[in-house]
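Student: Below, the features straight out of Swiss-Prot:
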- E355: active site, proton donor (ACT_SITE)
- H386: active site (ACT_SITE)
- K514: active site (ACT_SITE)
Amino acid sequence: MKNINPTQTSAWQALQKHFDEMKDVSLADLFAKDGDRFSKFSATFDDQMLVDFSKNRITEETLAKLQDLAKETDLAGAIKSMFSGEKINRTEDRAVLHVALRNRSNTPIMVDGKDVMPEVNAVLEKMKTFSEEIISGSWKGYTGKAITDVVNIGIGGSDLGPFMVTEALRPYKNHLNMHFVSNVDGTHIAEVLKKVNPETTLFLVASKTFTTQETMTNAHSARDWFLATAGDNKHVAKHFAALSTNGKAVGEFGIDTANMFEFWDWVGGRYSLWSAIGLSIILSVGYDNFVELLSGAHAMDKHFANTAPEKNLPVLLALIGIWYNNFFGAETEAILPYDQYMHRFAAYFQQGNMESNGKYVDRNGNAVDYQTGPIIWGEPGTNGQHAFYQLIHQGTKMVPCDFIAPATTHNALSDHHQKLLSNFFAQTEALAFGKARDVVEQEYRDLGKDPATLENVVPFKVFEGNRPTNSILLREITPFSLGALIALYEHKIFTQGAILNIFTFDQWGVELGKQLANRILPELGDDKDINSHDSSTNGLINRYKSWRA
């Protein structure tokens, strides 16, 4: 990958000039001038997904200039580098190949001269065999009973992805009850353990190194809880499996290494749900549905790798995001799924985006003088409408939004889905076009209100509009369409990182807090006051010691 400061390109300078021409242009005017705007600024993927980006503050000229930026920063070369197994994660000297995990074409993908696909397929086959034993009930616990509950113990990428997907695909789930434990706060695992029976519970310990503090603390507590009933250490092997690469530590824990599912250093944590980390997904919805998830992602991978940038959905969404973040000064993006099963989707891509592109140093090691990753947040509709949409509609901050909805629901109760979708359509229309003062005044006159009332109330009922949105309409949330949607966002994030000249696939920002926590932990073992930190940290620790039970 080339190291090009995007702000030093001629395309960036052209975009800055273009922004000065565009900053006061309204969406209402853009739509009024072009009756064909929707067809020009929308695209359908695989007859499964409609992406409408027409309600953005862009013109064809805007997109052309953004595409020039992609060309000048060699996005095409960056895409080829990732798919060909080059070590584009340079700070960790690793390839970035989550695309290999869902390579359903099974074409060779090389890392260090070796095709990784045979190993990928072998782990998938092992997961298939194991999951079929658990789901069928042929796998028995230490008292001869079949497994009824699965507890996934992990954190970050070992938790957020599997949890999001198992929730999103709940309509496809089998009889197994899924539980997820991530937080080192003992409350998290304590509450889960209240719901399960040691005789019929399987624990998945998801840690590549088998040393992650939060995960191993929870795993040891789960094992202690299990042994309090089971008694004999030999029973651990029937109730614990590992998603890891550290066979020695896994064996010492009591897990049979035959039930250790490996993945590789070219799989980043936040891109790992496609790997052995996705075992909880397979146990929840079955192997065939997991393969459909992989197939949907692979279809989007092929679209991303092979489609011209002018028609390339991840590229288009990425460029529009850069336009708002760096030229309009928008600091956040909201992801708003109108599907309750998708309630963890925004949280998943909060990590996916912010841990990937939350960097202030470029690929040359220099501090950047432009914006990199945005703040990502969101909640399902319509809940969000009654919480934070007020600020999006009438606040002082621009919040570009992605609205996501399925045309067909899994729960066709009465007219619920029509009401949900009427809100989905209405919100993007309201955000784009608003409500002008003269319209509000006329509404009040039609109600027979006197002029004094008009003056007191009308200013507060005006909606400026011109708030940008993307709408992503799926036929239905299926394993295939969900896989494609996740991959769409993954490649959007990669595209932005490539253009913005940052390393998307490391996460050094999580390390300093860990180091300091490891230094502080021994200081909490007694009741002595400490003075080894700044006055604030000393004061907090000493008050904690005096207050704790």
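Glycine is no exception: its Cβ is also placed from the backbone N, Cα and C atoms.
As the structure is a computational prediction, the values presented were derived from the model and not from experiment.
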Student: C-alpha of H386 (active site) to C-alpha of K514 (active site): distance in Å?
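Tutor: On Cα coordinates alone, these residues lie 37 Å apart.
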Student: Determine the Cβ neighbour count for E355 (active site, proton donor): the number of other Cβ atoms within 10 Å of its Cβ.
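Tutor: So the Cβ neighbour count for E355 (active site, proton donor) comes to 23.
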Student: Out of H386, K514, which of the active-site residues has the smallest number of neighbouring Cβ atoms within 10 Å?
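Tutor: With the active-site residues H386, K514, fewest surrounding Cβ atoms within 10 Å: H386.
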Student: List the Cα distance (Å, whole number) between K514 (active site) and the residue listed as 'active site, proton donor'.
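Tutor: So the Cα of the residue listed as 'active site, proton donor' lies 15 Å away from that of K514 (active site).
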Student: Could you find out if DSSP has H386 (active site) as helix, strand or coil?
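Tutor: It is helical.
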